[in-house]
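See below for the structure under consideration.
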Amino acid sequence: MDSDDAPGLGRRLLGGGKHSGQRALSIRRLWALKDLVNKGEPTEDLDIPLAPWRKGTITFALALVGFIVGIDQSIIEPALPTIVAQFSSLHDIGAYTSAYLIPQCVLQPVCNRLYSICSFSSVYLSSVLLFILGSIVCAVSESSPSFICGRALSGLGAVGLSVGGFRMLALMPAEKEQNVSMGAFSLILGSSVVIGPIIGGAITQSHLGWHWLFWINLPIIGLVLLLVIGVTYTGGPDLRGEKYGLKFWEKLKLLDWLGTSLLALTLVPLILALDFGQTYGWKNPRSVVMFTVFGVSLVLLLLHQRIAKEAIFERAILLNRSVWITTGIFFCALSSVSVIILFLPFLFQVIKDLDPRTSGFLSFPLAGTLAISTFAFSIISTKIPYFNPLAICGTVIFLVSNILFIAMKSNFSVAEVVGYEIVAGFGMGMAWLAEIIYPRAVLDKHQLATALGYSRMLQQIGAAVAVQISAVAFTTTLTHNLVGLSLTPDEVSSLKEGSGINSHLSPAAKVAVAKAYSKAIRIGLAPSLVWAGLALLFALALPWPRLNNSTNKSEQKNGRGSDIDNGSGVGDVALSFIVPSTETSSVKNDYSAVSGPERNLLVSRLSFDSLHMVDLNDENGRWTGVV
């Protein structure tokens, strides 16, 4: 129902007429407030009355944030060989990526809850400052440990910026604008992944050096800081979390510090164990202790999640078949893609002796094809009854691309690698929408948002762990291969540390080193093949919900065409009107003139501060029904 169906009632509900000074809520946003009254659940999807310039400013700021956070993850890829050579830290190559990703994995649940109990501006601005600090630390780093510390600080800031960005975009626009904004935000993130390696290669090769990969963050993120402060502190809306009014100790309980600590104690020791095993040996006491801590923490985390009242993971959502299968697909697929991306600079710069700028351009096809194919198949998915064929075919094609990468010989051509990138991106893009389509069929709006958050967090965990595993396999194999070559001890030591690559070597030695690297990269890519195979197995296990592409517009207008009936009651949504208490009588009068499906309304009267759930009764009793 909208204002055209019931003029008087619609004008009041939408803030028109003589009561326009009191912001009323659009009908489609009222169900969330009813949930808040009845169940105490968060209300995240209400329209915020923003002036156009504020809405535009916030959207622009969030676009900049999405762009810079995405770039910061991919921009160092072409610079990795140079950074490794400067720090003599080949054994830390996996940590440079994991240090940025792990905070985003561990702290995403905490960050979501921080936004629900604090004001938006305080959490968001703190995240901006952390990101700036991390960029500065990376830019001035003169050693590998300080560089890793800077990447970790940037990761802490990035998780707050990412969660806040999606949360704001979900809150700010109307429903139609919301879809466009979310799509644009995702497109910006995808574009940053494509552009990042290109910018990284150009800056690394220039006279500026790789340190400027992080200095360039400061003016952009500084502009975001000014924009957010300007909008927030010049009469903008008071964006407080839905549980802002709770007492301090109640807020602390909601953060589930024990669960978050156990999650950190599970992931960090695992990464350290892999690093220590590579550096000191797998039987070294340091490695054994880290693996032990990982195992014990994992068991405790699982037990805690089972008994905790405010656990960071909701079992009812995670154990849903559609959710855990799609999460499994993209946990494995993103792990595989991250491994491929890790080794592309070594294929181009080390074996083919190309400069960082060219290497960055040659990494473009993977992410570019992924973005294009995702958009193309999102259109195709509106014309077909089932998405399963696309999900299965996409994972099969992606698996084939992994086989092609591993089958490459040491004398491969650049065109060969680019072709395999295109195949991998095409396959991933074909299956990508499964992450949303299948959970949406069985979950309501709030559950869907939570499920997607879990999925993204677990994808990042998979990427961080997968990169470290492959890095260990790569460096261990490379060390073994170099020892068997006719090189001087100094040359072997230099190559093992990541320096002296393609420099100060005879032509014959360069060929031998290239072969050694090629073999080591193939071993490093082997886990990627395993991840891709597991993604295919998950895709084969997907349920077969029918897509609602043929639903007519009149049914969609009445609310029946957007959900897939799965027996869970998602499609049976009852609706109530919430208006300022001063308008109760006038709304009742207007209600008597409404006819047709608009009268199928849940009738109740609930007090909610200064708002009332209007009792739209007639003389014969309550009106109830499905909208």
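Each residue, glycine too, has its Cβ placed from N, Cα and C.
What TrEMBL lists as domain 'Major facilitator superfamily (MFS) profile' is 58-551. Among the features that TrEMBL reports, transmembrane segment is placed at 114-140, 152-174, 180-200, 212-234, 254-274, 286-303, 323-348, 360-380, 386-405, 417-438, 458-478, 523-544.
Here the transmembrane segment (458-478) does not lie next to the transmembrane segment (417-438) in space: the count of CB pairs under 8 Å, restricted to residues six or more apart, is fewer than 3. Long-range Cβ contacts of the transmembrane segment (323-348) within its own chain (Cβ-Cβ under 8 Å, at least 6 residues beyond either end) map to 74, 77-78, 80-81, 93-94, 97, 317, 354, 356, 358-359, 362-363, 366, 391, 395, 398, 402, 405, 412, 414, 417, 421, 424, 428, 431, 434-435, 438-439, 442-443, 451, 454-455, 458-463, 465-467, 470-471, 474, 517, 521, 524-525, 527-529, 531-532, 534-535, 538-539, 541-543. Fewer than three CB pairs closer than 8 A are found between the transmembrane segment (523-544) and the transmembrane segment (212-234), and contact between the two stretches is not assigned (pairs 6 or more residues apart).
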